[in-house]
Amino acid sequence: MEEELKCPVCGSLFREPIILPCSHNVCLPCARTIAVQTPESEQHLPALLHPRGTAAPAPTPAPATPGPPGGSAAPLDPECSAGGGGDHADKLSLHSETDSGYGSYTPSLKSPNGVRVLPLVPAPPGGAAAAAAAAAPRGAVPSPSPGPGPVGSSLTCPQCHRSASLEQRGLRGFQRNRLLEAIVQRYRQGRTAKCQLCDRSPAEPAAVLCEQCEVLYCAACQLRCHPARGPFAKHRLAPPPGQPGPPGGEGKGAGGGRKPATCGEHELEQYSMYCLSCRSPVCYQCLEDGRHGKHDVKALGAMWKQHKAQLSQALNGVSDKAKEAKEFLVQLKNLLQQIQENGLDYEACLVAQCDALVDALTRQKAKLLTKVTKEREHKLKVVWDQINHCTLKLRQSTGLMEYCLEVIKENDPSGFLQISDALIKRVQVSQEQWVKGALEPKVSAEFDLTLDSEPLLEAIHHLDFIQMKFPVTVPPVPLLQLEKCCTRNNSVTLAWRMPPLSHNPVEGYILELDDGDGGQFREVYVGKETLCTIDGLHFNSTYNARVKAFNSSGVGPYSKTVILQTSDVAWFTFDPSSAHRDIVLSNDNQTATCSSYDDRVVLGTAAFSKGVHYWELHVDRYDNHPDPAFGIARINVVKDMMLGKDDKAWAMYVDNNRSWFMHCNSHTNRTEGGVSKGATVGVLLDLNKHNLTFYINGQQQGPPAFENIEGVFMPALSLNRNVQVTLQTGLEVPQCVKQPKLPSN
């Protein structure tokens, strides 16, 4: 709200606010500073601004002109700008060029606060300046009579920049906004000034302001840092800003102690009527003077209530819009978060794609290097083979040559002729081995491998995002979020998302699950959510799940199949939502008792339709030999009588000596052995064999109680206020049990 209470000119809280014809407000001192002269072609200013009781300053021979661009306008009298000017500053007047009270001239210069202003110029003779001189005290020197010049002035609203002409009464012609003034005063009092010397955080509220030191002190800091002795004794201490002064001072509270508003033209008359034509409150004197005589008027109180109702109605609309704006801001903040998350996803996907390209290039590089290595090794092998072969032949030829030379040196003709034929043949054969090409390399040193990388480089240079609208096709394959998929008891939870760079819209998803035995898939969820929990599955079963997305173009492909294993044993508690209202649960819904003497039924939170399940109930309290009943029931069992009396429950009820099986109010298989405090009752439900067996303290009570039971069953118990039991679940099926007791006759 503080922005509504600040003057648009000075930026501070309003001081003596007045209402401009455009309905905006401005401080009266600020209005004096922004009152401007209009050009000669429009209006004329009758007098200069000057304090009451002083002569107007003498004009300069040359007319005043604006300074250089960007400079400030010629300042007004300091007292006037501070709000201390007299009637002359309030009686600047001129005619508007229209009846609406608004001028069309827009001054060209700007003051530092953004309001357009013009410098003042001398006033013409015979105008209001002469009246001001006449009103000056005796001995004051009247100002010389200036030449012709502008004789009008106006006020430009600093918010809408509409110019309003000043009437005969000048600034006093504008109504004073007493309501805004009172609100500002309440707001000032509501603000607590803080001590400027406190070491504490936050600082203590200020108690006084030293006008000489210009420092705010709390009570403790005043005693410590500003004692009322020595040089500080002459300092004047005042209340902090925003707090009322001492009793009897000028400060008034914001309560109902304000004086009633009086008429601006008739200061002794209070406002009593409202002029509909002028849209302003008036007094009876205004009506008698004739100015508002022909105007439609209404009682001030009635119009006050009517306008309050209109404002309240308008506020309702603004309140609705503000509520919508808050929701829109929440939407925008969610959009920011979504943009942030999507940006991170896209960055991660881009990095992954670029890394994949780099990996593919690295793999291809390795393949190409392998080819180069193989080619090099092949060439080296061929050259080395040639070297070895040529070296061997060269050694053989050299040896033969040396031997033949030694033979030629011998002088024994008969001995020479004995071996000459053989040597000649050997030399000829050796010569024939050096055939054409034998002394030429079989491979060249050049590698006939040229890597064609230009297409790839061209593709890399053109690698960019596709900024276009893609045609709507079926959605891509959803990605299962395996880290969020889990199982609990006989429930499974699956989560999935779409690929981050998917451009095709998604209208919903279809989640499919098989029957736990590898059978056909069936739809278990269709909707827009990406997280789904399926309850009521079989325990100790393996389920396959898959999901696909769809839109207006059709259904997309299936995701990968995820395999989920439900719990081997059941963990559950008593169900408070379906229990009889007399049932009292505690210990995280593990312990049950009853507030009634009648038997009441409570069910478990698990439901069984398949498998073998076992749970126990420990008797914590057993008074006055009641007959609690333990067993199973369907969801719609009657809960205000003993378990087993209707056809929706199968139970064993027991006292302190014997037990009976009961279904449809039929009692069978009475067996010796009851319960007491500390006893344990076990219930074994075998839905593979479709029977139900009971145990007391580990001993089976007769043969299986019921045969051929099929369907969906929930653990059940009935008891009254004399019994309290605690449920124990998550137990393995007992492998060895004592021999069952036979039913007694």
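Glycine residues also receive a Cβ, built from the backbone N, Cα and C atoms like all the rest.
Whatever TrEMBL says is automated annotation, not expert-curated.
Residues or ranges marked as compositional bias 'Pro residues' in TrEMBL: 58-69, 238-247. What TrEMBL records for 87-98 is compositional bias 'Basic and acidic residues'. If you look up TrEMBL, you'll see 99-109 marked as compositional bias 'Polar residues'. Among the features that TrEMBL reports, compositional bias 'Gly residues' is placed at 248-258. The domain 'B box-type' feature in TrEMBL is assigned to 193-240, 258-300. As annotated by TrEMBL, domain 'COS' applies to 408-466. Residues or ranges marked as domain 'Fibronectin type-III' by TrEMBL: 475-569. Residues annotated as domain 'B30.2/SPRY' in TrEMBL: 551-734. Feature annotation from TrEMBL assigns region 'Disordered' to 51-109, 236-259.
Secondary structure of the domain 'Fibronectin type-III' (475-569) per DSSP (helix as H, G, I; strand as E, B; remaining residues coil): 3 helix, 44 strand, 48 coil. Sorting each residue of the domain 'B box-type' (258-300) by its DSSP state yields 7 helix, 11 strand, 25 coil. Secondary structure of the domain 'COS' (408-466) per DSSP, as helix, strand and coil residue counts: 31 helix, 0 strand, 28 coil. Residue counts for the domain 'B box-type' (193-240) under DSSP (helix as H, G, I; strand as E, B; rest coil) come to 12 helix, 10 strand, 26 coil. Summed and averaged per residue, pLDDT over the domain 'COS' (408-466) gives 85.
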